[in-house]
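Trainee: As annotated in Swiss-Prot:
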ACT_SITE  Asp312  active site, for OMPdecase activity
ACT_SITE  Lys314  active site, for OMPdecase activity
ACT_SITE  Asp317  active site, for OMPdecase activity
BINDING   Ser257, Lys281, Lys314, Asp317, Thr321, Ser372, Gln430, Gln431, Tyr432, Gly450, Arg451  orotidine 5'-phosphate binding site
BINDING   Ser257, Asp259, Lys281, Thr282, His283, Asp317, Thr321, Ser372, Gln430, Gln431, Tyr432, Gly450, Arg451  UMP binding site
MOD_RES   Ala2  N-acetylalanine
MOD_RES   Tyr37  phosphotyrosine
MOD_RES   Ser214  phosphoserine
REGION    2-214  region 'OPRTase'
REGION    215-220  region 'Domain linker'
REGION    221-480  region 'OMPdecase'
Amino acid sequence: MAVARAALGPLVTGLYDVQAFKFGDFVLKSGLSSPIYIDLRGIVSRPRLLSQVADILFQTAQNAGISFDTVCGVPYTALPLATVICSTNQIPMLIRRKETKDYGTKRLVEGTINPGETCLIIEDVVTSGSSVLETVEVLQKEGLKVTDAIVLLDREQGGKDKLQAHGIRLHSVCTLSKMLEILEQQKKVDAETVGRVKRFIQENVFVAANHNGSPLSIKEAPKELSFGARAELPRIHPVASKLLRLMQKKETNLCLSADVSLARELLQLADALGPSICMLKTHVDILNDFTLDVMKELITLAKCHEFLIFEDRKFADIGNTVKKQYEGGIFKIASWADLVNAHVVPGSGVVKGLQEVGLPLHRGCLLIAEMSSTGSLATGDYTRAAVRMAEEHSEFVVGFISGSRVSMKPEFLHLTPGVQLEAGGDNLGQQYNSPQEVIGKRGSDIIIVGRGIISAADRLEAAEMYRKAAWEAYLSRLGV
C-alpha cells in the first residue's frame, strides 16, 4: 500500500478543492441527518483528477494481490472510474445497468460475459455496502465470481463488515477518519468539525448480517427518520407535515379508499373508521347524490377524527383545463380536498395549473409515479420523470402514488394502493401486496385500502387489522 499512502495527501486535497467533501447538515439516502456529504460525481469534468483517482484504485487492487479477469463499476459514479482503469490497463470491462431496458437485448449486464471468470468491483464511496452487494448479486446471476471490491472512501459505518459477511473483501484507498485527519492537518477543517463527524460515524453504524440473516455483533444500525421527525424537517410541505404529525399521534398510516356511490355511506364510513385512518380517499365523481353540503359534513368529520381528505381525481390535462377542473364545476374540489393527485403525462403544466389554485388554499398534490395494475406503463423513465417534476415543484407537490419508495428525500410521502392482508389480484388486472411488503420492504409510508375494508363483514375490525399491520411494518422498518 506504499504507493497509495504516498499519493493520499495530494488526492484528498484535490478532492477537497473540487468540493467533493461538504460539511454542514445533509439528509442522506437513509434519511439520516449527517454533518458530512461526499459527492464525487464532479470529478468526471476534471480529467486529471479522474485519472488520479482511477490510478490509485487500480494500484490498491494490485497491492492487495487480487486476481481478476474483468472489472465492473457500481452505477453510476464508479462507471467512469472503471472505464479509465480498464482503458489504461487493457482490462475487459462490464457495465451493470440499474434497470432492464424495454428494448434491445434487455440485459442487466453489458459486455462479454464468460461464466466462471472473476470480476472486480469498483466503487467510489461505501457506507452500508448495499450498493456493492446489489452489483455482486447481479454479476453472480450471470455466472461470474466476485470476491473483492475496491473503494475510494470507506465511511466506516459497517459496510466492510456487511460485505465480509457475504464473502466480499473490501479494500479501501482511504477511510473517512483518515481523510478527516489529513484535512485537519492541512487546516482545511477545524477540530470541532472533525469531532462532530467522527461522533456521527461512531453513533451510526449499520448492522451486518450473515447469509442466514443473523446479525453480527457490531454497533447498532442507524434508524431512518420517524414520521414525527420528518414532520419537523425545515423544507417539509405544510400539508405533509400536518399529515405526518397526525400519523404519529394516532399511530396510523392507513388511508381508506371510500369508493362508494352514496353520500350517506361515505359519511358513515368517515365517522365509523375516522379514528383508525390518517386519510380518506374519495372518488367524488362516482357519488350518485353529490352535493357540496355532503363535503362540508365530510370536512367536519375529518376535523373531528383528525384525518385528511384526498380526492383521487388523477388530473391529466393541460394546465388551463386542470385549473378549471380543480376550482370549478359542480365538484369544486379545491374547496374541500386537502390533497389531489395528477399524472405527469401532460408535463409540468398540469402541476402549474393545479398550483395556481391550490397554493393559496394551502393544498397539496401527489404525483402518480407508479400504478398497481398489470401492464402499467408508469415505470422506468416515466417514474424518474415524476420524481424530477416533484422536486422541481416541491412547494406544491408533497409526494407520490407509487408501489415503492421512488425518492429518497424524506420530505416526500409515498402512498401505495393495491394493498390487502394477503397478496393476490383480481380479474381486472389489480395486483395486491401485503402491508409488510409495501411498508416494510418497499419503503412506502401509507397504505391505501378499499375493498379489503369496504367488503368486510365488520369494517371497523378490518380497518383496525390493516392499521395495525401497516403500523407494525413501519415500526419494524425503524428498528423499534
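Start at 1 and count along the chain as shown; that gives each residue its number.
Yeah, the Cβs are placed from backbone N, Cα and C, and that goes for glycine too.
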Trainee: Whole-number answer please: how many Å between the C-alpha atoms of Ser257 (orotidine 5'-phosphate binding site) and Lys281 (UMP binding site)?
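Mentor: Each residue's Cα considered, Ser257 (orotidine 5'-phosphate binding site) and Lys281 (UMP binding site) end up 5 Å apart.
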Trainee: Taking Cα atoms as reference points, which of the recorded positions Tyr37, His283, Lys314 is nearest to Arg451 (orotidine 5'-phosphate binding site)?
Mentor: His283
Trainee: Across all protein chains in the structure, which of the recorded positions Tyr37, Tyr432 has the highest Cβ count within 10 Å?
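Mentor: Checking each of Tyr37, Tyr432, the winner is Tyr432.
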Trainee: Determine the most Cβ-crowded residue among the recorded positions Lys281, His283, Lys314, Arg451, using a 10 Å radius around each Cβ and all protein chains in the structure.
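Mentor: When each Cβ's neighbours within 10 Å are tallied, Lys281 leads.
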Trainee: How many Å separate the Cα atoms of Thr321 (orotidine 5'-phosphate binding site) and His283 (UMP binding site)?
Mentor: 19
Trainee: Which residue, out of the binding-site residues Ser257, Thr321, shows the minimum number of other Cβ atoms inside 10 Å of its Cβ in this structure?
Mentor: Thr321
Trainee: Cα distance, His283 (UMP binding site) to Asp312 (active site, for OMPdecase activity), nearest Å?
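Mentor: Cα to Cα, Asp312 (active site, for OMPdecase activity) and His283 (UMP binding site) are separated by 6 Å.
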Trainee: Quick check on the active-site residues Asp312, Asp317: which one has the highest count of other Cβ atoms within 10 Å of its Cβ?
Mentor: Asp312
Trainee: C-alpha of Tyr432 (orotidine 5'-phosphate binding site) to C-alpha of His283 (UMP binding site): distance in Å?
Mentor: 20
Trainee: Determine, to the nearest whole angstrom, how far the Cα atom of His283 (UMP binding site) is from the Cα atom of Asp317 (active site, for OMPdecase activity).
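Mentor: Per the Cα atoms, His283 (UMP binding site) and Asp317 (active site, for OMPdecase activity) stand 18 Å apart.
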Trainee: If one measures from the C-alpha of the residue listed as 'phosphotyrosine' to the C-alpha of Lys314 (active site, for OMPdecase activity), what distance in angstrom results, rounded to a whole number?
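Mentor: Cα-Cα, rounded: 37 Å.
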Trainee: Reported as an integer number of Å, what is the Cα distance between Asp317 (active site, for OMPdecase activity) and Lys281 (UMP binding site)?
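Mentor: Roughly 21 Å, rounded to the nearest whole number.
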